[in-house]
Structures are given as C-alpha cells and as structure tokens.
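Undergrad: After the structure tokens below, expect a handful of questions from me.
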Amino acid sequence: MKVLFFSNKFPVEEHADLFQRIRQQSRSSRHAVLRQLLDECTAAVREEIRLLPAEIRTRLPPFQSILDLAEGFRWERSPLAGTFECVFLCLAELCLFVGDYEARPQAFKFTRSDSVFTGLGLGFLAATAIVASPTLIDVPATAADVIRIAMRAGLVVYHQGQNLEPQSLSAPLQSWTTLVKRLGEEAVQRELDCFNSAIPRPSQIYISVVEPDGSVFINGPPSIMRLLFSTPGPLQSAPRAPLPVYGGPCHAAHLYDRSHVSWIVKHVRSEIAWREFSDAAPLLSMADGQPLRAQTALELFESAAYVLLTGIIRWGNVLAALEEREDGAIQIESCGHSTPVEKLMRVLHAPTRDLTEWLSDEIEAVPGTHADCRIAVVGMSCRLPGADDLEHFWELLEQGRDVHQHVPPDRYDVQSHTDPTGRRMNTSQTPFGCFIDSPGLFDAGFFDMSPREAGQTDPTHRLALLTAYEALQQSGYIPDRTLSTIRETVATIYGQCSDDYREANAGQEIDMYFIPGNYRAFAPGRISYFFKFSGPSFSCDTACSASLAAVQIACATLSRGEANMVVAGGLNILTSSDSFAGLSRAHFLSKTGGCKVFDDGADGYCRADGVGSLVLKRLADAQRDNDNILGVILAAATNHSSAAVSITHPHAPTQEELYRNVLRQAGVSPLDVDLVEMHGTGTQAGDAAEIESVTRVFSPSRRSERLYIGSVKANLGHGEAAAGVTALIKALLIFQHNAIPKHVGIKTALNSRFPDLGQLNVHIPGETVPWSPRPNRKRYVMVNNFSAAGGNTALLLEEPPQRPTPGPACAQTRFVVTVSAKNPLSLRRNLERLMAFLRQHQPPVHLGSLAYTTTARRIHYPHRIAVQGASIADIIKHLELRLADLSLAHPQGAVARPPPIAFVFSGQGSFYPGISHDLLEHYPPYAREIHQLDALCLRHGFPSILPALTSSENSPSPLVTQLTTVCVQIALTHLWKSLAITPAVVIGASLGEYAALHATGALSASDTIFLVGQRGLLMQDLCTANTHTMLAVQATANEIAGCVPDSLSYEVACINSHRSITIAGTRSNITAIKASLESRGYRATELNVPYAFHSSHMDPILEKFNAIAQQATARALKVPLISPLLVDVLHEHTTLPASYLAEATRGRVRFSEALEKAHQATLITDQTVFVEIGIHPTYSNAVRSTVHNIAAVVPTLRSDQDNWHTLAGSMAALYEAAAGLDWNAWFEPFEPELRLLDLPRYAWNLKNHWIQHNGDWLLWKDKDRDRDNGKCMTHPDDGRGLYTPLLHRIVEETFWAGGGRVVMESNVHQEEFFAVASGHKMCGRPVVSVFSYPDMALSLARFVYTKVHPDISPPAMDFGNVHIFEGLIPHKDRSSPQWVRLQIKTTSVKHQLQVSFHRVGEDRVDQLATGTVSVGNAASWLSEWSGIAHLVSSRIKALQDLVHEGRADRLTRDTVYHLFRNSIVDYSPAYRGIQSAVIDGLEAVADVVLASSNMDRWTAPPHHVDSIAHVCGFVLNAGNAADHDNINTVYVMEGWRSMRFAKPLVSGRLYRSYVRMVPARDTGFFSGDVYVLDVAEDEVTGLLAGVTLRPLPRILMHRFFDPADDAHNWGNSPAKPEAKPEMVPTSGSSSAAGSPSGSSAGPLSIPERLADPSETSFQSKASKVSKALALIASETGIDMQDLNDETCLAQIGVDSLLSLVLVEKFALELGVHFPGSFFLDFPTVGEVKRQML
C-alpha cells in the first residue's frame, strides 16, 4: 500500500532555489505535464490577482510565470505572506509530485485498496488535486483550481485577521501562532479559558494544533498573544516559540463557517467540480484521521477547505488511523523528509520515497518549437493619405478612391526636382505620390514637448505618439489596471526605413533636438518614455516590410513572455526628393500616377506616407481584461528570397513556402482562407510573382469557396515602412464592417501574365462584397508584405471571437459618465464629440458600458467633467448643460492634484428599513463585507443585522439599529477605500465615532462591534427606553435658552454648527420645548431615538461600559482624528485611553468647534473634500456652515434615494475634485456584463510644427549649378561667400571690431533677378517690386553679422525706416548689364545697420531707397503681439460678419488680381498669394497661401512678402472706399517704419493679412499696419508697421513706369517730398496715422503702433526676471503670456538637455550663474522667479 503524504512545510529552506530547479527541469523533454501545470497555475493566479484590491495588487511585481513570483518576489515579507505561502507550498508539492511521476514512469493509479492520501495544513489541500485527478494528464487543470482555492483560503484568513487586528500593508509582520511545549492540551486549555473570560470571543486565543508529544500550537491576534504571555501563570513560564505564521487565524471553528468555504471554492470549473469518485483513494483528515466524505471533486474541495479553516490538527489521530489500516508492504511517498514523515516511518515501519530526487536529473532540453500563442489586436489608429482616422480610411476604401497626387509644396518644389527625362542630376522622373495632409500637426503640450522640440522632431515620431495614444485609448488602456497592462511589461516596436525629415528638413539648421528628434530608435523610445513603458523598445528596418516584420516581432515577444502588451506599427513620411530620385531611376516608381495593382499596364508603384499603430496582447489576456478584440493573429513568419535573380526581385517559390509555413503554424487549411491582402505594388515583376505564389497555395485547382484578393496600395500607394501595418488595419476594418471593399488598381485590363483566375475561383472585387460572420466557419485573411531588400513577411488573421451583446443594463440603475482633457479646448471638443456620438448612436448605446468605458477604461486628465444619469437621454441632457457652462467666460478649471479627503461619520440619526439594500443585493464586495461583519456580530453573541438591512424587520431593537448603523459605516468605509478614496483625516459624531475610530486603525472591526454591542446591551438593561429623547433645533444655543422657560430642563447634547444644536431631555420636556421653539419660528425636529445620548440619561451605563472598554485592544491612530469630545486634533501614533469611549457616550458632541480647530491647524483646507459616511447625510450641512469655501461635501447613502443614485452623484463630485477614484475596482463585479465602447478619439489641440525644406540643394549637393542647364558654374562673387538671386557680386568689403561696410552690385538683367521683376508688371513693363529690397537688405545684413560674429547665429532682424525714392525698372534692351548697388554699413552690428540702394549708370548714381536693419528677438516680438492678437482677430471677425450680413464683399483670388491688373499692377502666379479677400472701405483682410519657393536661396522671398503685404495697395487702388480717389489716382509705396517676421514665411501655409489704412499727415498719403496671422498657429507672426503709400496721378503712370531706358522713375514727381531723408534714420515716424475713425463694421480698436525697435530694446527695458522669462519663452517656443507661476517647465519641454542650454544662456546673457540641475530642482516658473529674486 502507498501512503502519500503532503507536508505543511517546504522540503528545502531556500524556496527560491527549489523553484529555480523546478523551472530548469520544466524545460526538459520529459516534463510536458509539468510545463502544462505551471502554465495552468500561472493563468489561475493571474485571474485571482486581477480580483485583488488595487492597494494590494499594485504591490506585486509583474510576472510571466508563477515561478517568477515564487522566485523573485519576497512574498515571505509581504502583507499577504500567508496567502502566498498557501499558493507556493501547494504549487511546490504538486510540481514535485508531477515531476516525479513523469521522471520515474509508474502507474498513476490510486484506489481505495492500494493507496491512501493524507497531509498537514496546506499540504492537505494540495493532496486534493491528486485525489481528484483520474490521470496524470488531468492534474494540471485540477491543480490550477486547487491553487485558486489555496489563494482564496489565504485571503479569507487574511481578511479575518484584518477584522480582528488590522495591520497596515507596510507594517512589520507579526506572528499569529506560538508553539507551547510540556504543558499538554488540557493544561493549556484551562489557562486559555481563564484568560479568555475577559477577551471578546472572536479575539480569544485558541488551540490550533495538538502534537503527538503533547506540544500545542496556540493562535490569536498578536497583541492578545503578547498580553497572554505577559500575564503571570503557567503559560508565561512554559517553553514557547513564536512561529512564522503571519496570515491570520486558521483552524478556528469559532471564526469560520460554510459561507467562507462556499466563496473559496466558488470558481472551480464545472468539468472538474462534478467528477465523481467511485474507487478513489481516501484522503485522511488531519483533524480526526477519518477519510473525507465526498462523492465529487467539489465536495472533496469543500471538505478539505472546511477542515483547513476550522479543524484542529491532531497528527496523532492520523497516525493511529494509518496504523489500523496497515496491510502488507507499505511505501511512503513524500516531498522531502520532515518530522511527520519520520513519525510515519516509525509507526508504519515503512521506507520513504522522496519525490524531490528527480530535481537532480540531467536535463534533456525541449527542441525549439513555435509557441502556440494567439495574439489579439485590441487597438489601432492611423494617419494615411486621404484619411486621418479609421472612419475616413474605411470611407476611402468603400468609395474606391485613388488618392495619388503631385508632390505638395510642403514637401519640396516638385517642378524643380522632377525631370521626366532623367537628364537633370538628382531629379525624380515622377511627380506623383500619396500624402498625408498637414503631417506637421501635433499637440506638443499634451506630450510635454516645447514647440521648439516639436518642430525639430521627425513628424513620423510625433504621429507615432498620436496614433499610439489613440490605439491605446481604443484598447481601453489604463496603466497597471491588469497584469497585462503593467507598464514594466509593455513593449514598443515600430518599423521604419527612411530618415527624410532628418536629412531634408531638420538638417537644414541643426538644433539641440536634432539627434533625439530624428534618429529612428527614438520613435519607439519616445513612446515608451512618454507612457513609462519599461519593456523592450525596437526600431525595425526591413525596408518595405518593416511594419509587418515589427508586428511579427511583437507577436514573438508576446509568445515568449518578454512582454504582456506591445504597441507596434510602421512610420513613413516623405519629405526628401532623394528617395524619389533613387527609386524612380531604379524603375521602381510609376511615371503615370498611382499603384495600378493587377493592371496589365502596371508600371511601378506610387510612394506614400503612412503611420499606423496597433496594440497587441495575448488573446487570453485580452479576453481576461474585457478588451475589444479586433482580430486574432494566429501565426506570422518571415523568410528571405535568397534564390531570386537579384536582391530586389521577388521570388514566388520563397513566398509560397512562407504562406505554407504560416498556415502550418496556425493549423489552418489554405482552402479555409477567404481573402488574401496582397503586397501588390503594381510592378510587373512583383504582381506576377505574388499571384503565382498565392494561387499555388490557396487555389492550386478550382476551390469550392471563393478566394478574394486585393491590395490597399491601389488606393493609398505604397507606404513602404508603413505598408504592412496599413494592409493589416484594412483587414481588421474588413472584419469590423463585414465587407470586402472593391479593388481600384485595374485601370485598363487585368494583367495578362496572370493565370485564369475565374477558373480557379479567385476573384478581384469590382464592387464592395458583403462578408458577414458564419456560424460554422471562421473567416481568415492572409496579409502579405515583401521587401525590396528580399524579405517576405506574412501573417494569418482570424476574425475576432463573437461575444454576446450585454443586456439592457446591469444591476446599477444610475451611472457616471466622465470627460477629461489636458487643456480647456480639448475638453470642449471631447465633450462635443461624445455628444455627437451619443446622438448618432443613442438607441444602441449601452449606458453601463458607456460609463465603464469613460471611467474605468480611460486615462483621466486635470480638465474634467462628470455627469450622471439613468438613461442615455439623461446623459446627453446633462452633457449639453455642461457644454453650455464651458463658455469662454467660465472655462472649466483644472485641478492640479488629488485633494485631501475627510471622512465624516454621522450618528444613529434617522434609521430606516432597507439601508444599503441595492448595494447589499447587487454589489458583491459590499455584501461580502456586510456578511463578514454580521458573522462577527453573531460570534460576539449579538443578534444578526441582516433582517434590519433586508427590510424584513420593521422595528428593530435599539441594539440592532446601533449595530447595523456601525456595521454599515464600516462596510462603506471599506467600500470607499477599495475605490482608492482614503481619508487624510477622520471625524465622527456620536455613534459615528466608533466607525471613525475603526477608520483610523484605533479599533479593529471586531472590537468596534464588541463595544457598540456591549454599550447597546447596557442601555437596554440600565436605561429605560423612550422616557427621554433628543431634539434637533435650527438655532443658536443662546436663542434656544431664550425660548425655553426655566421650568423646562434640558441638556445641550450636540453642537453640530453655530445654528444647529441638538438638545436632550425627558420626552415631556422636549415636547414642550419643541412647541415653544416652533411658536417663535424656529425649526425643531424630534429625533427617532429611544435614548437621550450625550446626556445624564447615559449615566447608569458609564461605569460598566468603561470596564468593558478595557477589554478592547487600544491601538495607535494611523490617521489623524478630529475629536468632538476633546475639541482637538489627535495625530497619528496617538493612543486613546480606554475611558475615552465612556466619556464620549456622556460628553457633549462639539462637532463644529472641533472642525474649526482642525481648520485653524490647516488639517482641513479649502481643498478638502468631505465624504459623509452614514445611513443619511445628517452632518453635511454642518460641515458647509462651519468650514466655508470647501471643495465638496458628498454623501454615501440617502434615505430618499436608491444607493446607485446617491453614489453616482458623490462619485461624480469626487471625480471633478480630482480624487483618484479607482473606477476599475467599482466596475469589477459588473465587468462581465459590460463592453468597452469604441468612442470618439481624443480631440487634440493641434498646431503645425514643420521645418520647411527650402531650395534645391538636394539636387546639386556639393556642386554649384546653373539652373538653366544643370552645368556647374562659378559664382560672380569670386568665392567671397554670398550669392543669391538678387545679390551677385561684392565690390567692396571692409570689417572692423563690431562693425563693417559692404557694397554689392547686382545685375537686374540676370535671369533670376529679371524673373523677379517680370512677375510684377506695371503699364506692361517689369518693375522690381519694392519688396525685393527686404530680401537684399536682410541677406546682406546676415552676411555682415556672420562675418563680424562668426560663432553666433544671426538673430531675428527688423528691416525698417524704409523710404522709397525711385522705382527700379529693367531696361528693354537686356543685351548689357543693368546694375543696382546695395551698401550696408554699421558701427555695431548688434544694434543697427544702415542700408541704401542705388541705380548705377555709366555716368551717374541715383539713390533708390534707404533703410535700416535692426537686431531683434523673435520670441519677444511674438510675446508683444500676443497681447494684441485678440484685437486683430476681433476686427477680422467683424469683417467676416459683414459679409454674412451683405454689407461687405468677399472677393475671390481671380477677382482680386483682375482688379489689381486693371488698376495698377499685373502680378504673375508666383505673386498671387491672396486666395480671397474681404474689403470694407479702407479696411480689409486677405487669406494668403504662399507659392512654393527654394527657401534656402532667399531670406525674404519678394513674391512672399509682396503677397502678404499688397493687401494695403489693393485697399487703395482697387477698393471701394469713398474717402480717396482711385479713379484718377494710383497709390505707390512710399516706405514703412518696421518690417518684422518672427517666423519664416512658409510655402503652402495659410496666412491672414489684416490692414486698415488711414490718412497720413502728408496730404493724400495713407498709412496703416499690416498684421500677418499664421492661421494654423492662431498667432500674429509678422507685422509691417507704418506702411505708407503716396498718391500719383494715374495719367502719369506711363511716364514713370514705361520710360525710356535712360529715364528716371517718378524722380520728378510733383508729389515727391522736396528733401530726401538722410541715411541715419530718425526715431519717429513721418507717416503715423491719425486717430481711428468709425466704421460700419463697428468701432475700430486697433492698438497703438509699436514703438521703434530701438525704443523697445529688450535689454534696456526688462528686469532680469523678465529677461529670464523671455529667454525661457524663446528657447521653448512658448508665448510669454503662457508663462505663469504655475507653469511646469517640464510640461513646456524643459528637459535635462534644454535645462543645460538655459543655464548657459542665463550666464552669458544675464550674468546669472546656476548649477546644471537648476531647472530640475526648481521645476515651475514661480520657483525660478523666487530663486532669482
């Protein structure tokens, strides 16, 4: 006979070493069952940990295997040490048993006749897994359920211990068990009976183990155990030793019953639970030695758990039973040797086989195999050409759109960089591509980046952040919500294959963020850093298959357990012409347009942008987490076409083998695949090879079911590194929409090289094909992706598992819906989006799921709102009201940090039947708590509280009402704490002070119930009920005294607030007093209480109650307590005297005075949120009237509302106050009935951060070029370093310290210069626009600045004080040069440079214009203008409103330039930037889009500046104002006072120019300021101040603008001033406008003109602090107005790198020296200012 013994101790001392050896052996080929056991137990423990309270769950480390926890987690010292000992001891013994039976092949057969099982403690529980398993193969599943039972048993013991003697999670562990030797059981029991007589029953010490030698183990709360051994007597002197038993009380029949067992075995799977035993081996009870009675596995588990919880271990009984059963040869099997085993060996005279010996066996490793792990896609997002989200992507597919286009201006100049012949160096032969609109749009503030850093960061990195966030949001990701979302186990893997932005954009002017902003590794790294993911982070480059390869790596990472969640995708944004050139010259690209996939005329692919992100999890984890599963990746693989004719050529046999490999891994027949999403580039070689491989595998002959093929590249082009993820997202959308969209790649005819697809039943959808789920056949999609580098990647996608639709509602009847954002604008937009969604989907939206999604499955931000309702219509109504509140006048404020919470425990007050009925019936955590407390009541000998709660007892006794009130308060306290609402301070009134003391940790739940119950019994015995009562009065104490006759005595029992007093007295007196008060207009309410608490009515019980209170264990406060008795604050670590409760029973409750004292001590502040915990809010008004301006006061229960309604309102208020509610914990009981909704994505606050690629330097690289023929030529400046289209040669160059003089000459007839003039014609002649001068002056000024200060980058410059004297008109005869001379000189280049322009003839030099260039600060300008931007915007809006009213005109682009041509000037297309204009008199606004330009060759392109500025000329020359004559007069440029652009003008960007011209001081002259607004940035970025136009008779136009070649231009004009100004400018302006006048558009409120830059010099006007702020604003790109004392520097992009830069700048520019960590040590603007002051 076999005796199988399972011990209650580990077989070795070093637990970690044991589990390491088990792990090593599990890798052996012999131990497949062991591996399965570990996997099953891991899943079971994961599920149980998911159900733990957050405060415990978050203390556990992430783990992939249960062995990780057993080995690496120091569980022996954790608060749940006992719980984990249950788990790991059972696990160890089961692993040892299974491993032995695998390593030593033997019969797994245990019958009643040949085997018997027994065990001690937790080993007894482990034995049930073997007894309940018919075969060895059945053990893993059974063991997993037993492990869950063990964990739950440990938790039951832990919670019971907390009820008896609560311990904080960080407190040192204390032993609950002591071994006592020599005395024997009877003697110990006598001593315990004597000692326990003064101890409440649940807290009494008891015997848990009786050893055969007479030693006993005694158990009990550690503090009571210490008291026991400090009491003189035999136990004090007996030999004893505390044991490492920390979990709580076990083997305690007085503490546990069958209800605990039912919860422990609740989740046993039915297929295991109902296994029947017929001839199974018996399991002997460790209590009486008798076999457990069980017919099924469930009954066996229940019996074993009951014995474990309630039975005293008597090992002698087991030995005696075994001795009686001895029959023949006996062999003992056990895990290691121990004292019980040795006793077995002696009694049975039997040998022992050690089940640990196999751990030393040599390991035969398992051959590498593919891990059978299905991967779920749970979130996705994209930015694609023509589609900035998933919805638009599907619309694009459904509509069959082909979105290819010419390369847009924001990438590069397609005309100069394209040459279809390929003869020009480095040009592309195709102008086509597919592009994302505005790829620079980004919410920098959300991701804690400064505008400066955002601009320097590759847009693929930024869009990766945006799409990763959106995919995570769709997945319902909350950091650390579940084991699979623990941040330490999340990986990021992205495919990338180019560096366009780094090479063509950011590289033009390298800044501090060049490296982290552009190198590929930083894209996934930045995502990991922002979200604080600590898992692997990879950037993958396999060329065109990079993103699908990244997904494959992600799947492998998940399968191997290296991560629990992966964010993966692909990135591609095209900005460099080099790749276009290289690919087109290698014949990859189509010269005729998009990808013509499957077309007979396919001539190559069309390049495309693309950014896509996916969130991946193991399928089991996704289902456990209640995620939405979009699709399931069954298998993925990659191979390489090494047998191809060249590295870039596809190879059909290799692709074919790849498909077969993937299908083998997935276990799916190729004939079951319905759709192949092909790579499909539209190249002849690629399409033919791919169709060959696809048909050979999926349709080698005609198949019965249709096979559809398609390729997304026909719609979107080839996204290269993003191609694979784009195709995968398309496949997922197909599952989502149950339709296969039409293929649009065939433009002429099907590729003639294809086989007969119809014969093979292979179809290319010409229209959208419905494809709905089928009940008996799953849908599969093969996604194929190959690479120009030879790689092939494919994956098989299965449709998502079907889930039942949730019912109409879960148990809750009212729900909270939340909306939040990082800024007010996004909050408003998020709110609008949610409302639009609800209106659109109102009938099908499940209210519970909506609440669950917006609360438990959303990351929450400081700007937030919460509404509650009982229906979707309710929610919409409340959202509409909140949206109305979010006006500009009342923006929603942000709460920076969670508020302190104060718990207020009210007294007995208004008891009513059915208290907390809804929670008790439908919220299991609360019900479980109430039942535990009810069990404590019964164990103390008090009546049950359940009848009073379930409405079955209408008139409960005073004892029951008091017990019920306190138990409900304790349960509600635990409920709030489970939701992460924990108190910073506690106050209790009257009876509520008992629950308050429990909340502070001063009383255990058991002691609290004991004291309340004993007090209630004393009242029943010693106080006559209903002879006295209490009266609540709304008056002051003095007012009450003034209304009560002297003959009527009363006592003031409670001072709740200044005007809320409760008095006590005899019932007759109180009745009379009530009548007296009411007759004088005071409100008085008699309380429904049988006794007059806090009065002399309590005197009879005080002495006895004080004696009883000594029996409770006094503990130090863990939370500050506000004492209404002492009118004081008792801080942590204070221990209350035992007499406190008796004194509180009799003493006056001075609630308001105590609150005021706490307020004065700042323990309560204006930010404190009060949570009243009681059966009805009786003290909320007292709190409000005592502490003014508090954040919120919320109730927990109300007698006039159902529980859901009250809690919803309170949780909404707490949420808006920024309390950190654990919504996941709240919804956990309901989660199976709820679904994660696909709600609208976050509304970003997008601004365009984009460095425009300028010029054509990518074409000529290190070679000079002649734009006409591409040949090299030498610059006319003879290598002196400056050559632009308008500056040709240096004729004089002199420099000295700080200054210099340079003279340059330019040939007006040179082709580029002449082209500038030709775009601006007057009277049919080219005329050099005066806005050519800014480019010439600023280019030369920058050159001079660089020469004088070669180590300093040129700053922003203001070209002002400009006076135009004559026009510059090219000669008709261009056979000889026509020279214009520019002179610039300065004595201090850092301040001002004088500029003059001259026409140079053979015998004369004529002055054309003069001006100055002043050095400025762009950031200061932006700050300056931000203060007036709203005024400009208001005028623009007023003009636009006039259009709608029909009182102003909106002119189209064609109309504007038609009027210009008829009035004064004919502009070429390059100058025609105005897209539309609104004009009203002398006021106008124009929308301007600048033409493309090679920006690296210009400083201020004339056609850009002219486009921005000529709205002022249009107003005067072509406008409709009545106060000037534009019929007989034309207006030409006289000059301007200042021209400043804080940011470069960008081709393709939308600007808005606003001007109002007014008469100037000189008669006929008009002046105005042109404000330039960047529409995308919504800010003023440029200003032409004091622009002045002078009148010229129209009749003289031909004289001045069509002269002979030797004539002057308007030099003899009668309107010309007689005296020319000198070169040195004056500080004032000669063309300041007069006072503003009225307008039909409303009063004009334009700010005063900005002063001259020399007057507003930043250095001379600002203090050091304001200089410092300006520097911070400049370096981060933040507006000065956005910097306030609360601004967090890290959130505007001041990281460690920028911190060092600012420290250096402070030292250089301010003379202030700080350490490198200064901005990290002082992280807000306010702190920086204080340090500087």
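Yeah, the Cβs are placed from backbone N, Cα and C, and that goes for glycine too.
Annotation source Swiss-Prot lists active site, proton donor at Asp1506. According to Swiss-Prot, the feature compositional bias 'Basic and acidic residues' maps to 406-422. As annotated by Swiss-Prot, compositional bias 'Low complexity' applies to 1627-1643. Feature annotation from Swiss-Prot assigns domain 'Ketosynthase family 3 (KS3)' to 372-799. The feature domain 'PKS/mFAS DH' is assigned by Swiss-Prot to 1288-1598. What Swiss-Prot records for 1659-1733 is domain 'Carrier'. The region 'Disordered' annotation in Swiss-Prot covers 406-429, 1608-1659. Residues or ranges marked as region 'Malonyl-CoA:ACP transacylase (MAT) domain' by Swiss-Prot: 903-1211.
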Undergrad: Hey, which bits of the same chain come close to the region 'Disordered' (406-429), Cβ under 8 Å, at least six residues off its ends?
TA: 435, 438-440, 504, 574-578, 580-581, 584-585, 589, 591, 1250, 1252-1253, 1256, 1258-1261, 1263, 1265, 1267, 1270, 1491-1494, 1546-1549
Undergrad: What's the number of neighbouring CB atoms sitting within 10 A of the CB on the residue listed as 'active site, proton donor'?
TA: 24
Undergrad: Does DSSP put Asp1506 (active site, proton donor) in a helix, in a strand, or in coil?
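TA: The residue in question, Asp1506 (active site, proton donor), is helix (DSSP, three-state).
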Undergrad: What is the three-state DSSP composition of the compositional bias 'Basic and acidic residues' (406-422), stated as helix, strand and coil residue counts?
TA: 0 helix, 2 strand, 15 coil
Undergrad: Counting by DSSP secondary structure, give me helix, strand and coil numbers for the domain 'Carrier' (1659-1733).
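TA: Result for the domain 'Carrier' (1659-1733), in helix, strand, coil order: 50 helix, 2 strand, 23 coil.
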Undergrad: Restricting to the domain 'Carrier' (1659-1733), what is the model's mean pLDDT?
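TA: Per the prediction, mean pLDDT sits at 78 for the domain 'Carrier' (1659-1733).
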